[in-house]
There are 4 protein chains.
Amino acid sequence: MKRIGVFTSGGDAPGMNACIRAVVRGAVYHGVEVFGIRRGYSGMIAGDVYKMESHSVSNIVQRGGTILKSARSKEFMTPEGRKKAYDNLIDLGIEGLVAIGGNGTFTGAMIFCNEYGIPTVGAPGTIDNDLYGTDYTIGFDTAVNTALDAIDRIRDTASSHDRIFFIEVMGRDSGYIAVQSGIAGGAELVMVPEVLTPISEVVEILKQGWSRSKSSSIIIVAEGDEEGSAQEVADKIKVQVDENADIRVTTLGHTQRGGQPSAYDRILASRLGLGAVEGLIAGQKSVMAGIVNNDLVYTPFEDTIRLPKPISEDLLRMVKILSV
Amino acid sequence: MKRIGVFTSGGDAPGMNACIRAVVRGAVYHGVEVFGIRRGYSGMIAGDVYKMESHSVSNIVQRGGTILKSARSKEFMTPEGRKKAYDNLIDLGIEGLVAIGGNGTFTGAMIFCNEYGIPTVGAPGTIDNDLYGTDYTIGFDTAVNTALDAIDRIRDTASSHDRIFFIEVMGRDSGYIAVQSGIAGGAELVMVPEVLTPISEVVEILKQGWSRSKSSSIIIVAEGDEEGSAQEVADKIKVQVDENADIRVTTLGHTQRGGQPSAYDRILASRLGLGAVEGLIAGQKSVMAGIVNNDLVYTPFEDTIRLPKPISEDLLRMVKILSV
Amino acid sequence: MKRIGVFTSGGDAPGMNACIRAVVRGAVYHGVEVFGIRRGYSGMIAGDVYKMESHSVSNIVQRGGTILKSARSKEFMTPEGRKKAYDNLIDLGIEGLVAIGGNGTFTGAMIFCNEYGIPTVGAPGTIDNDLYGTDYTIGFDTAVNTALDAIDRIRDTASSHDRIFFIEVMGRDSGYIAVQSGIAGGAELVMVPEVLTPISEVVEILKQGWSRSKSSSIIIVAEGDEEGSAQEVADKIKVQVDENADIRVTTLGHTQRGGQPSAYDRILASRLGLGAVEGLIAGQKSVMAGIVNNDLVYTPFEDTIRLPKPISEDLLRMVKILSV
Amino acid sequence: MKRIGVFTSGGDAPGMNACIRAVVRGAVYHGVEVFGIRRGYSGMIAGDVYKMESHSVSNIVQRGGTILKSARSKEFMTPEGRKKAYDNLIDLGIEGLVAIGGNGTFTGAMIFCNEYGIPTVGAPGTIDNDLYGTDYTIGFDTAVNTALDAIDRIRDTASSHDRIFFIEVMGRDSGYIAVQSGIAGGAELVMVPEVLTPISEVVEILKQGWSRSKSSSIIIVAEGDEEGSAQEVADKIKVQVDENADIRVTTLGHTQRGGQPSAYDRILASRLGLGAVEGLIAGQKSVMAGIVNNDLVYTPFEDTIRLPKPISEDLLRMVKILSV
């Protein structure tokens, strides 16, 4: 393999730049040329591509976002779009790809490889940590710390006013951010998509807290919880507890996607970027590089896409014990 | 004056603890006894009061929230409530008060002094910076930095995806947080209650940006803007620009009230706490301690309540020039 | 087991409070009484002990340091000292101990158990991550992020002035903080006690960088490196490269021990604190609770003390590739 | 004035990039062309200059360091050097300069203007806050917050171990950083170049603290204190107090120069950058733009160079009262 491309796709995540850097420097180290493709599959179709050198990735390891930009491409879902992308890659002599993104990204890459034989190795870049085949995804640790910083701030004001706070964190299909930030933030309860927490149980826990003279409480709600958004949960609670209870809602939103990546995410991104490019050079295709039990492993895209990543029972049990 | 009380009231603000510390240590330094009153006027009515020593305020200068807690008291708005409060103070031998809060707090203190002759000196504790008689209020600098941290994070993701972000910051009647965080965050536009920004002007600015190839834009909306909340503004814009524009909204909410206070707020809070207690000892009453042009000044409560605090024209002009 | 004690010992580490909280709440959850012992073995000898309840550990999960304080005790190294400690524990009815600390702490606990039969389960609390039997120790992730924050700041000024910076991080016997902060911070080179890096090699790497027009370089030195402190290394380099080179040295020092613990450390501390108390209740003794490959494991103190924890070859290799 | 140049010189400071941005956008707004000069006077002599547009300063408002780089130039101190610089400016058609830096920078600019008539307006960029003609300099607020963050971390570990910490902060000729970070950090004592604090007084204050059961103390030492560096002060203290006292020293060093600028510094830098360029356009020369009592003022370089900036007596008094 003489020449490869690298791109980011889907929602951006802190650490993507550290991953791009590792791909580029890993390629340079192994004597392989590397091209940056802007805006994911859109740029591949448009030919928005440039040669990257070692210095192209200087001073980006600490930056949030992605210097290659990211986008979702409807056109790549069509055979015509993929044909254009293929023609561009052939013109440029690009023989393999590193894709930094999530399952949507990997699905596209798998189809593309089946159709045109261009191999792709993926690196898991998403704050949601919802990908089978790696213990953690790039951006997750930073997102948890960002959510935690907000929880710490809100605890200040919750304690000052004897308030109940419902805080909504990201995670449409996954409660990982909610559970980890909830444990770390000392939350009274965490509501996640994976486990049903009936409103009656929330009310019960709040009342138990009051009976032990807890004057303020924090409840973390993953955006994908079955009982609805944090606002909806709060509205349901409001009618069942003391109507004078001072209940507030905060939705953390897109702040969780940005910020300087944590040490953990930069190291993880570096390992996975290097692992992806070295896997590609070694002949891997349609696999995602991941870290499982501290070891670098390659998991077929079809497994990362198909298989669920259940949340740890231990962590869910811990939330209960620690809020005693 | 042999014995005084100190309390926090209204919305909490970072730096209130640093202010309490300065009041307590200032009183101790001058040989005056000091009592902490919990939950503002509610605690004064309930007699929820304790003797504070120098060590009572050890290791709190860096903490958000208020160790004395805060609350709004309907009962203090009644003559009966104030009578109870007065009786409690007399029983305890408390001859003067330091009140840390905003205009609601000061209004209560002024009425109370008129009725019962107990003097109060105020320290301006509110993140909104909407008090006449001081250049900055305790908590404002921290709130701006908290908002700015969120804007910085969102810029990462805005730039990665070519998005327009509307970010709502606190400030029901005042655009101070919006303007300062907007300038510091490099926002394209800031919408504040003090100045009417028609939707057509917002659209115009976005279009100008696009014509100069700006691919992402950030617009800060103070919660009290006439065009409505950030969500409402975004909805109005959406229909007037390219319908494919990727527009997102984030409401920062209560995170702005918490967090470790900045150096500026800790120093300001220390100066004002010390200024308040020394003013009280020197015979001041129904005045607020403030810093104007680096000098400590005392402004009558009736002025801080009555007079507006206009936003700087210079800053509003700067937003426009810097987003060129 | 009806009643246990918990203490922190040795150098403090961020997350110790989260660990204390998990021990206390875990004990309460299982119906076991728990006493806090202040200042480690010193307090055990002095009888400086108090009953802890669930609310004793409210609002500490986010705080650095240790509410139980820590100290090194020479007296506990004597038979007389341990006899006093034993008598105190018997008087209080304390039947088992959770010790949060490092190998010095565990050595004392092992000897104490051999002599008097009081079982101890340890939780690894040290920023150095030098304990066999756990992938990471409590405080390590926070210390790496603190070092990284400093490296990020120094890179700003290094880049602005075309300087070479030598930054000394903690790690007398272990290069873990150096390697992880070095990779995450994009350092050109990392010097650790585990691997000999001759001065000639450092000079070579600097010259290679200049030949590729790198104008500023950052070299991380673990305090226990064989070539000496960062200052000593810098002095040796100075005479071998261009004498006009602008070389600066910064020693990060004790800032690495403090600060609010990261999400990772709070969760790790919670798991290990709960694991330690549940192990103790289940009959474990003279073992350390650790997390290896995401699983809770108990390792005999004699192994954690005797066995080395080598640094990952993969990470050392990565430093080289990524600074290409 | 049709065309101007902008450069940074001397030690870098957080906020310099925000200032460059304001100069560039201010020039563009007023229809004036602007060139960036790299590495201060060195680049002026070498002709290392490039045309800047509005987008040249996109996304830099939040970055530490200076995109124009900074250097000290011996050559500019010679008539030959200044002649070369002048010739380059004439060739480029540059008619005026904005210099971001400190007194060394302004001295050069004043001499240059006297010799060749090229007007310069300065913006005060230095973390030390030692410039007459402005209440605060660009970078000072960030540096204080960086020092404060370190003090907060060290207090964690000081409190955990009953230690005395001596922390050295920057300020060779000025105690501003020391005093502000000391007050905000709750230090027991602050030692500054402006005021003599004899060792005997330090010992006295430590002993008073112990008599009130203060178990840990933090003393801030400005690097320019007459009693020597923090290490030297600590060594002198060590022999005069209990020899078993656990005394530690930390020197914060260059971390204080870097980091993302605070909101305050970004706004100040924006005002001063805009003020400098508008002053230059309006015909000012050999003056520094500053903010005094919230107003923009221009002070002749000869005054900023000649006149001292005394430290506030109020703040020094506050340190004493608050550590009661």
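Cβ coordinates come from backbone N, Cα and C, glycine included.
Automated prediction, rather than curation, is the source of TrEMBL annotations.
Here's what TrEMBL has on this protein:
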- A:3-279: domain 'Phosphofructokinase' (DOMAIN)
- A:GLY11, A:ARG72, A:SER73, A:GLY102, A:ASN103, A:GLY104, A:THR105: ATP binding site (BINDING)
- A:ARG21, A:ALA22, A:VAL23, A:VAL24, A:ARG25, A:ARG155, A:GLY186, A:ALA187, A:GLU188, A:ARG212, A:LYS214, A:SER215, A:SER216: ADP binding site (BINDING)
- A:ASN103: Mg(2+) binding site (BINDING)
- A:THR126, A:ILE127, A:ASP128, A:ARG163, A:MET170, A:GLY171, A:ARG172, A:GLU223, A:ARG248, A:HIS254, A:THR255, A:GLN256, A:ARG257: substrate binding site (BINDING)
- A:ASP128: active site, proton acceptor (ACT_SITE)
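In sequence order, the binding-site residues near chain B, meaning those of A:ARG172, A:ARG248, A:ARG257 whose CB lies under 8 Å from a CB of that chain, are A:ARG248, A:ARG257. By a Cβ separation below 8 angstroms, chain C lies close to these of the binding-site residues A:ARG21, A:ARG25, A:GLY186, A:GLU188: A:ARG21, A:ARG25, A:GLY186. Annotation note: A:THR255 (substrate binding site) sits in a helical segment as assigned by DSSP. Neighbour counts were taken at the CB atom with a 10 A radius for the binding-site residues A:ASP128, A:GLU188; the maximum falls on A:ASP128. The C-beta environment of A:THR255 (substrate binding site), restricted to residues of the same chain at least 6 apart in sequence and closer than 8 Å, consists of A:THR146, A:ALA150. When the alpha carbons of A:MET170 (substrate binding site) and A:ARG25 (ADP binding site) are compared, the span between them is 32 angstrom.
A separation of roughly 38 Å, to the nearest angstrom, links the Cα atoms of A:SER73 (ATP binding site) and A:ARG248 (substrate binding site). Listed in sequence order, A:ALA158, A:ARG163, A:ILE164, A:PHE165, A:PHE166, A:ALA234 are the same-chain residues six or more apart from A:ARG248 (substrate binding site) with CB atoms under 8 A from its CB. Each of the binding-site residues A:SER73, A:ASN103, A:THR105, A:THR126, A:SER216 was scored by the number of other CB atoms within 10 Å of its CB, and the largest score is that of A:THR105. The subset of binding-site residues (A:VAL23, A:GLY102, A:GLY104, A:GLU188) lying with their Cα within 10 Å of the Cα of A:ARG257 (substrate binding site) is empty, i.e. none. Annotated ATP site A:GLY11, A:ARG72, A:SER73, A:GLY102, A:ASN103, A:GLY104, A:THR105; additional same-chain residues within 8 Å of its Cβ mean position, judged by their own Cβ, are A:SER9, A:GLY10, A:GLY40, A:GLY101, A:GLY108. The binding-site residues considered are A:ARG21, A:ARG72, A:ARG257; of these, A:ARG72 has the fewest other C-beta atoms within 10 angstroms of its C-beta. Under DSSP, A:ARG248 (substrate binding site) is assigned to a strand (E or B) in the three-state scheme. Of the recorded residues, A:ARG25 (ADP binding site) and A:GLY104 (ATP binding site) place their C-alpha atoms 26 Å from one another. In this structure, the binding-site residues under consideration are A:VAL23, A:MET170, and the one with the smallest number of other Cβ atoms within 10 Å of its Cβ is A:MET170. Over the domain 'Phosphofructokinase' (A:3-279) the predicted model carries a mean pLDDT of 94. Binding-site extent for ATP: residues A:GLY11, A:ARG72, A:SER73, A:GLY102, A:ASN103, A:GLY104, A:THR105, maximum pairwise Cα distance 14 Å (rounded to the nearest whole number). In this structure, the CA atom of A:THR105 (ATP binding site) is 11 Å away from the CA atom of A:THR126 (substrate binding site).
The binding-site residues examined here are A:GLY11, A:GLY104, A:GLY186; by Cβ neighbour count within 10 Å, the least packed of them is A:GLY104.
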